[in-house]
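Here's what TrEMBL has on this protein:
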| type | residues | note |
| --- | --- | --- |
| ACT_SITE | 251 | active site, proton donor |
| ACT_SITE | 448 | active site, proton acceptor |
| BINDING | 119, 159, 167, 363, 368, 410, 449, 450, 481 | substrate binding site |
């Protein structure tokens, strides 16, 4: 259902009550309580509007504050997007709480947000069988986003949702794929102890027809091609970016630190994921090719377990095997396989979307723990050959550059001093290295926050990272994530402040008590409601 707005988003201070009506077969009415306009209220917390809708099944409520954003200087503007909930589309293939979504999009637009990001789950779209795609819920979302004048970043999510940081719901791989996994468990990543990980198909079988006669690469290409054909009218306009999933959590990496069932906990070093039969065969062939057959039997025997520290292991310790001839061979093979995987998928994506007008992006994980150690153990197990002696991010940036792909990176909100000392973290050092790599490769860098943050300190760190006079700032930033908490009190004010700062090159440090930029909405706090109207009304709180 699409809720069509008949009035301006600047409706809040109007003297007369406004009515917003749908134009489909279900009639809904929103009534906003009357308030007197005032431009003198202090901006102690944001205005909140609780939109309450009554549907056939249940009530939906969303807190949707509103603030007009005005930008007079786009010279250093960094557009801000907001990630939508992971369960934006339900397992039943329907848009989740469409009226609440509509009100939330309206609020985000009024805050000056450029657009939103959504995961387009393989496990939902191709759930009913090979080539049986169901895009309808996403089509409804695209139309709703268009209605509000927003842009949409779409993630081709070929991974499982569930079991990792921030996962609030479960979306497994398509049932027919899970059937193939049960028949041939080696098509998913496997660690040294034989633990299988169903988050993502192992890159070891990229070119093997293990999915009912198709290779994983063919399946991904067919999926992207179907998406392109279904949404051709929106590509390059409403849909501005396609982020191509290339691994767990959509990131180009191995699932080296799985949180499910307590397997891994921060700040463990993780484990190498190269023990399915396809990866083992590749390693054996690589070793034999250089005349070192004995190196091809498996990964390092002394690399430890998920929750150990570098110095607990023979491989990752300060003077460990990672820096030996064998270690270099293994790490080059392991990281090289990951680069090849990303390259192959991006070749398909570029061919499929090259005339559509959308940007392509790829996501790389911000693995900042043990960054200060010589071996950078946690990065190595994830597939990033980044050590004191080797730059692991420049090869990725160059590979992305070959396909005109935006380098999307996380942990932009983190400061070194906020991290526990024993974890040897340096998110700031890592971000600096990645910025340098993308500048050398001459590609755009976009950012995300790794964890939920609502405080001004987290936003200030992103703002600092986004600004650069040397050409290595951020091309865009996507905030994780839209939920009820985002629209509450100071959380909302901080977001609005952040969006405005990003649009004005960081020159503004805080929101004014009143908006003097010519808009007709003030930033303030309504301490109490005037009155609660009849059932089905929206209430200012």
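From the backbone N, Cα and C atoms, a Cβ is placed for every residue, glycine too.
All annotation found in TrEMBL is predicted automatically rather than curated by experts.
From a predicted model like this one, the values you see are computed outputs, not experimental measurements.
Features per TrEMBL, on structure.
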| residue | record | Cβ contacts under 8 Å, 6 or more apart |
| --- | --- | --- |
| 119 | substrate binding site | 84, 86, 88, 155, 157, 161, 250 |
| 251 | active site, proton donor | 363, 364, 365 |
| 368 | substrate binding site | 411, 414, 419, 425, 426, 427, 429, 430 |
| 448 | active site, proton acceptor | 83, 363, 408, 409, 410, 412, 477, 478, 479, 480 |
| 449 | substrate binding site | 410, 411, 412, 413, 458, 462, 479, 480 |
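Every protein chain considered, the tally of other Cβ atoms within 10 Å of the Cβ of residue 481 (substrate binding site) stands at 19.
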